[in-house]
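Note sheet for the following structure.
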Amino acid sequence: MKQILNPLKNSNKIPIWFMRQAGRYLPEYKKVRETTKNFLDFCYDVNKATEVTLQPIRRYGLDAAIIFSDILVLPNALGWEVDFKENIGPVLKQFKSQKDFQYLQRDSNNKLEKVYKIIKKVKEKLPSNTSLIGFAGSPWTVMSYMLEGKGKRDFRTSKKFIYENKILAKDLLNFITEKTSDYLINQVKSGVDLLKIFDSWSGVLAEDDFTEFVIEPTKKIILKVKEVFVKTPIITFPKGAGLLYEKFIEEVPIDILAVDQMVPLEKMKEWSNKVIIQGNLDPVILLTNKEIIKEKTYKILQAMKGKNFIFNLGHGILPETHPENVEFLTQYVRLYEQKNSNSTF
């Protein structure tokens, strides 16, 4: 069995992979990326997206590959205007009123077929003991990008919109939820072993709104996927949820909970009795030196020893990260597995 699908309590094997493990910090990624000007075209290029998905597996021997794509591929495939500007990031047409639904299609216009082809091609080339992760953005996070027109930190436009336009906001949320469910189901049909739902902006919502716009749509997606693929594990990542992580665990039928670096280790240990926990080394640690990486990693590994646990970061690998530090971290986790001791090394 592929280890990442079965990170069992008391197992000596600690599954390890990283968010944004394929990306700008890798020289081999940059070499491929330079060949395509437009980022979305790059995401839809079957050969190039396949290659960069496999690069960190070749380099580090990680337990899982995650399909190279972006959470905004889905709205783009549904007809929404999405662009990526250099040194700015994603720029989208703003959703402002009911009439904007005319720009959203019920059909993905065959663009998503390219994603499914990438999955199939990666699957053919991936080592048999390496799991393949598919993903999508959560409805709230995708919706907030559409409402803001770009990524922001306070999301006041999005929150103002959902307060003032409750029915329209729910219509948009439900549309994205339905399409996200279909998208993830088709990813499993194409060959992924498990799924991840990225909710990058869940932490900006108060409790009632968190329930309505994060918990409820996530539940709907999971239940719909599980109707078709009951055994496919699903990772959820309501980043920045803080105290609401516990409400999320209680109300969402999750298999694996990814947590950010702000979550205390004691909470991770406690929650691992209910779900598999994934996390949560601060990505900034990988910008430091080997001694600091070793110290911080050891603390997490000791706390989660014998627990239902997947080692990962609290967010994605940063672009300025040295690949050698990622290599060191991976080897250190492997060494910890071998030693499986309380002593430092």
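Each position is counted from 1, following the chain as shown.
The backbone N, Cα and C atoms fix where each Cβ goes, glycine too.
Keep in mind that this is a model prediction, so the values were computed, not measured.
Residues Arg20, Gln21, Ala22, Gly23, Arg24, Asp70, Tyr145, Ser200, His315 are recorded by Swiss-Prot as substrate binders, and the candidate that the same record lists for that site, out of Phe39, Phe210, Phe213, Phe328, is Phe39. Long-range Cβ contacts of Arg20 (substrate binding site) within its own chain (separation 6+, distance under 8 Å): Gly316, Ile317. Other Cβ atoms within 10 Å of the Cβ of Asp70 (substrate binding site) number 16 in total over all chains. According to its DSSP assignment, Ala22 (substrate binding site) is coil.
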